[in-house]
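Student: For reference, the structure I am asking about is given below.
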There are 2 protein chains.
Amino acid sequence: MQTVNIGILGLGTVGGGTAQVLRDNAAEIARRLGRNVSVFMVSTRNVGKAFKVCPDALFTTDPFEVVAHPDVDIVVELFGGSETAKDLVLQAIENGKHVVTANKKLLAEHGNEIFALAAKKNVMVHFEAAVAGGIPIIKALREGMSANRIKSVAGIINGTSNFILTQMREQGQSFADALKLAQSLGYAEADPTFDIEGHDAGHKITIMSALAFGTPVNFGACYLEGISRLESRDIKYAEELGYRIKLLGITRQTEAGIELRVHPTLIPECRLLASVEGVMNAVRVDADMVGETLYYGAGAGALPTASAVVADIIDISRMIGADTANRVPYLAFRADNVREQPLLPMDDIVSSYYLRVRAADRAGVLGGIANLLAEQGISIEALIQKAVLDDNQAEIVILTHSTVERNIKAAINAINAHECVSAPVVMIRMESLAQTR
Amino acid sequence: MQTVNIGILGLGTVGGGTAQVLRDNAAEIARRLGRNVSVFMVSTRNVGKAFKVCPDALFTTDPFEVVAHPDVDIVVELFGGSETAKDLVLQAIENGKHVVTANKKLLAEHGNEIFALAAKKNVMVHFEAAVAGGIPIIKALREGMSANRIKSVAGIINGTSNFILTQMREQGQSFADALKLAQSLGYAEADPTFDIEGHDAGHKITIMSALAFGTPVNFGACYLEGISRLESRDIKYAEELGYRIKLLGITRQTEAGIELRVHPTLIPECRLLASVEGVMNAVRVDADMVGETLYYGAGAGALPTASAVVADIIDISRMIGADTANRVPYLAFRADNVREQPLLPMDDIVSSYYLRVRAADRAGVLGGIANLLAEQGISIEALIQKAVLDDNQAEIVILTHSTVERNIKAAINAINAHECVSAPVVMIRMESLAQTR
C-alpha cells in the first residue's frame, strides 16, 4: 500500500491531536483511503511529546527543514500566527508540497497570495480546521452547496465568546466574571482580545464569505465588534422579549454588495442557533435552492480540530496524482472566476435593532424618543419600559423594524442629545434568521 | 468549455427541480466547475413539462433509451420504486454511465449489487439526495468524518412523520387528524404507510449505517416501528417529563454488533434534535475524535432535493477522467474493506424505556409494578401517576434506566399479566443523545 508522508509544523494542542488521530485511527483511515498516512517529520520544541505521539517521525526544531524535506508530501501547518506561518506555507508550496492548515488568521489575511502561488505550483491547500473546528463546514460550503447561489452565512464561530454569553445568560454573571471563569477553564487566553473582540470570528467569516460568494478574502473589510461591552441586563431584557444574544459572524449577498460583519446579535429564541450553548459552534447557511441548512459541533479542542485536519489530509492523499481539473477549487470557485465584489460599508447594511435608552422617568419622554426614531423613518416593533432606577431614571428597551444602519445611527445621535436622556444609547443588531424560501 | 451530458430518468417533482436548478444556476455552477452541465436527454410522460424546464433536451417516453444513449455521461435516476429503477441503473452502469440517484429504497435494498457492478464497470454512483434531502449528510459521513471511528448516527429523517409528531404535540391533535392535515398539505401520500411505518426512515438509516461502519447495506435487518400507534397522551406525558417524542433512525456500533432501528423515541428536550420541527430533517453523528456533530435542513421538496442531486452531478463531472483511486469509495470504505458485521437483534439492544401502564387505582399496585421491573433488574429513573380515569383506573408513567430490551419485554409481559393492569403496557424507547467524549 502506498504511503503518504506528512510533515507537521508545530506539535501543540492541534498538532498533538493530529498525530494522535493518525496513530489511533490508522487502520480505519487506511480502510477508507487505501493508502497509509505516516507522520514522517515534525517540527517541535517538545521532543518528549513528539516521542510519545509519533515515535517513528523525524524531529527537528526548525520548521523550515520540514517544508524543505524532499520526502514530505503534505505539510500540515499548525504553527499559528501569520508571519512565520506565511513564510512556511509559501515555502512549502514553492517546494511543491500540498498544504493543510488550521490557520484562519493566515488565510483571512494572506489567503489570496497563498492560493495564487498554490495554483502556480499546482498544489492543494485545504483548511477545514480553520473554521468551526471539527464541523465540516468548509466542505459543505464548497461542495455540499455547489448547486446553489448562497445568500447568507451566519455562525456562532467563536467558542470562547459563546461560553461567556451562555454563562452571562444562564448564571447572570457579568462579562468580567464569565471571562475569568472561561480563563480558569482554559477556554480563554490570558489575553483574550482575539476571541472576545471578534477578530477570530472575523477571520472565519471572512473565509466563509469568500467561499460562499466566490470573492477573494478581504479581512480588512470585515466589521468587528466584540462582546466585551455587553451588559447582562441586555441579555436579560433580550430574553424577556424572546431573544438570545449571540456573537455572530454574518456575511450576506445583497444587490448593493456583500455584508461582512461580526457583532453581538439578538436572534429569536426559537431558532436552532439560539440553542447553541457553551463552547459549541454552529453555522447556518441560507441558499437559493436548498433553503436553510445548519451545521453544529465542537469548534475547538485538540481532537475535534484534528478530525478536520486529518479529513483534509485524507482528501489530499486521495487526490495525489489526479489532474488539477479534478480538484475542488481552493475557494469553491475556479480561480479565474473568483471576482471582487463591493463590500457594503456598515452604514449601508439593513438590519433591525435593539436599543436601550436611559432617560428621566417623565411624561413625554417616551413619545419624544419615538418621534426621533420616526423622523428617521424607523418604526417600532416592540417597546418595554423597565423598572425605574435610581434618581428617577427609567430604562426603555426598543426593538425596531428593519432600517438602514445610517438611519439608526442618526436616530441614536438625536436620542443621545435629548435633554432627558442620561446615558448613551446601547444598540445591538438583530437578525431574524427566518427562512427566505 | 467541456460539456457534461445529463440524462434524467423521470421528470416528476425532483426531476423537474433538478432541471430547474441546472437551468437557473447554470452560470454559478460553471463558475465552480469549469464545465457546462447540460440536460441532454429526459425520459418523461409529461412532454409539456419537459419543454418548459429543459426545452433543449431530447425527450423520450422510454427510460431505457436514456441509459443506452451513447452521448449521455451521467444518468440521473429519479424514477423511484425499486424494480424498474434497478434495471435502469444496472443497465446504465453496464453501459458505462455514471449514476446519480435519489432512490433510498433502491440503494437500501439493492445497493450491494449496484456498487459491485459499478466497481466492475469503473463508474461513479452518487446518492446524496437519497438521505435527508438537501442536507449534505452523505458527504459529511463519507468525507467530513473520515478521520473518525463513527460510534452512532441518529436522525429525524422522515419529514412526514416529524410533521405529524409536531402537530400532535403543538396542537394536541390525534395521530389520525394530524395525518389528514399532512395529506391535505401534500406532506403525506394517500397511502402513507411507507412514511409513517418507518420504511422510508429505515431505508435512509440503512444507507447511513453502511457508510458509517463500512458494512454492506442490509435493509432486511433493520427494525421498523412507525408512529401510527402513538397516542397524543404519550407525547404530553413525555413533555411533562422534559422529553419530546421523535421518530428516529438509529444505528450504533457496539462491541456485540451493530444496532439498526427505526422507532418513536423519547429524547431530552434540551437536545438540538428535539427542536427540529415540522417537515425539517436533522442527523446527529457521534464520532470518536470530533464528538457530536449535527446537520439540519430540508429533507424533501423539489428544490432542496435537487440541490443534492446537482451537487452529486457536479462532484461526478469534476472527477470524470480521474483515476479510480482518486475517487471517494461508494460506501466511504474501499470495496475490499467493506465487511459484514453482526447486526444486533432487538432483544439484545440496550436502551432506557418509557412505559405507560393502565391499572386499577388501588393500594399496592404501584409497588407491584415496581417489583416486576426489579425482578428483571430494571431500575426506575422517574415515575408519575396520572389523573385517575374512568372506572377507578389510573395511568402510571415510568422512565427506566438502561437495560437490555429482552429484560424490559419480560417485565412488560409480567406487568400485562398483573391482575390490576387493565390494558397492554405502552412502551417507547428513549435515547439520551448525550455527548460521549
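Count begins at 1; order follows the chain as displayed.
The backbone N, Cα and C atoms fix where each Cβ goes, glycine too.
Since this is a predicted model, take the numbers as computed values, not measurements.
According to TrEMBL:
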- A:Leu9, A:Gly10, A:Leu11, A:Gly12, A:Thr13, A:Val14, A:Gly15, A:Gly16: NADP(+) binding site (BINDING)
- A:Lys104: NADPH binding site (BINDING)
- A:Glu189: L-homoserine binding site (BINDING)
- A:Lys204: active site, proton donor (ACT_SITE)
- A:354-429: domain 'ACT' (DOMAIN)
Student: Using an 8 Å cut-off from the Cβ centroid of A:Leu9, A:Gly10, A:Leu11, A:Gly12, A:Thr13, A:Val14, A:Gly15, A:Gly16, can you name the remaining same-chain residues around the NADP(+) site, in sequence order?
Tutor: A:Ile8, A:Gly17, A:Thr18, A:Thr44, A:Leu78
Student: Take the C-alpha atoms of A:Gly16 (NADP(+) binding site) and A:Glu189 (L-homoserine binding site) and report the distance between them in angstrom, rounded.
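Tutor: Given the Cα positions, A:Gly16 (NADP(+) binding site) is 19 Å from A:Glu189 (L-homoserine binding site).
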Student: Work out how many Å separate A:Gly12 (NADP(+) binding site) and the residue listed as 'L-homoserine binding site' at their Cα atoms, rounded off.
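Tutor: Between the Cα atoms of A:Gly12 (NADP(+) binding site) and the residue listed as 'L-homoserine binding site', the distance comes to 15 Å.
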Student: Measuring C-alpha to C-alpha, could you say which of the recorded positions A:Lys104, A:Glu189, A:Lys204 are within 10 Å of A:Gly15 (NADP(+) binding site)?
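Tutor: For A:Gly15 (NADP(+) binding site), the recorded positions whose Cα atoms are within 10 Å come to none.
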Student: Around A:Lys104 (NADPH binding site), how many other CB atoms lie within 10 A of its CB?
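Tutor: A:Lys104 (NADPH binding site) is surrounded by 27 other Cβ atoms within 10 Å.
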Student: Out of A:Leu9, A:Gly10, A:Leu11, A:Thr13, A:Val14, A:Glu189, give those binding-site residues positioned within 10 angstroms of A:Lys204 (active site, proton donor), comparing C-alpha atoms, in sequence order.
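Tutor: Candidates kept after distance check: none.
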Student: Could you state the whole-number distance in Å separating the C-alpha atoms of A:Lys104 (NADPH binding site) and the residue listed as 'L-homoserine binding site'?
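Tutor: One finds 17 Å between the Cα atoms of these residues.
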Student: If one measures from the C-alpha of A:Leu9 (NADP(+) binding site) to the C-alpha of A:Glu189 (L-homoserine binding site), what distance in angstrom results, rounded to a whole number?
Tutor: 22
Student: Mean pLDDT across the domain 'ACT' (A:354-429), rounded to an integer, is what?
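Tutor: A mean pLDDT of 94 is what the model gives the domain 'ACT' (A:354-429).
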Student: Between A:Gly10 (NADP(+) binding site) and the residue listed as 'L-homoserine binding site', what C-alpha distance do you get in Å?
Tutor: 19
Student: What does DSSP call the residue listed as 'active site, proton donor' in the simple three-state scheme?
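Tutor: Where the residue listed as 'active site, proton donor' sits, the three-state DSSP reduction gives helix.
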Student: Taking the Cβ of A:Val14 (NADP(+) binding site) as the reference point, list residues of the same chain whose Cβ is under 8 angstroms away and which are at least six residues distant in sequence.
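Tutor: In sequence order, the residues whose Cβ lies under 8 Å from that of A:Val14 (NADP(+) binding site) (at least 6 apart) are A:Leu78, A:Ala102, A:Ala129, A:Ala302, A:Thr305, A:Ala306, A:Val309.
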Student: Give the distance between the Cα atoms of A:Thr13 (NADP(+) binding site) and A:Glu189 (L-homoserine binding site), rounded to the nearest whole Å.
Tutor: 14
Student: Of these binding-site residues, A:Leu9, A:Gly15, A:Gly16, A:Glu189, which scores lowest on Cβ atoms within 10 Å?
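Tutor: Least crowded of the binding-site residues A:Leu9, A:Gly15, A:Gly16, A:Glu189, by Cβ count within 10 Å, is A:Glu189.
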Student: Can you tell me how many other Cβ atoms are located within 10 Å of the Cβ belonging to A:Gly10 (NADP(+) binding site)?
Tutor: 26
Student: Between the Cα atoms of A:Leu11 (NADP(+) binding site) and the residue listed as 'L-homoserine binding site', find the distance and write it as a whole number of Å.
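Tutor: Per the Cα atoms, A:Leu11 (NADP(+) binding site) and the residue listed as 'L-homoserine binding site' stand 18 Å apart.
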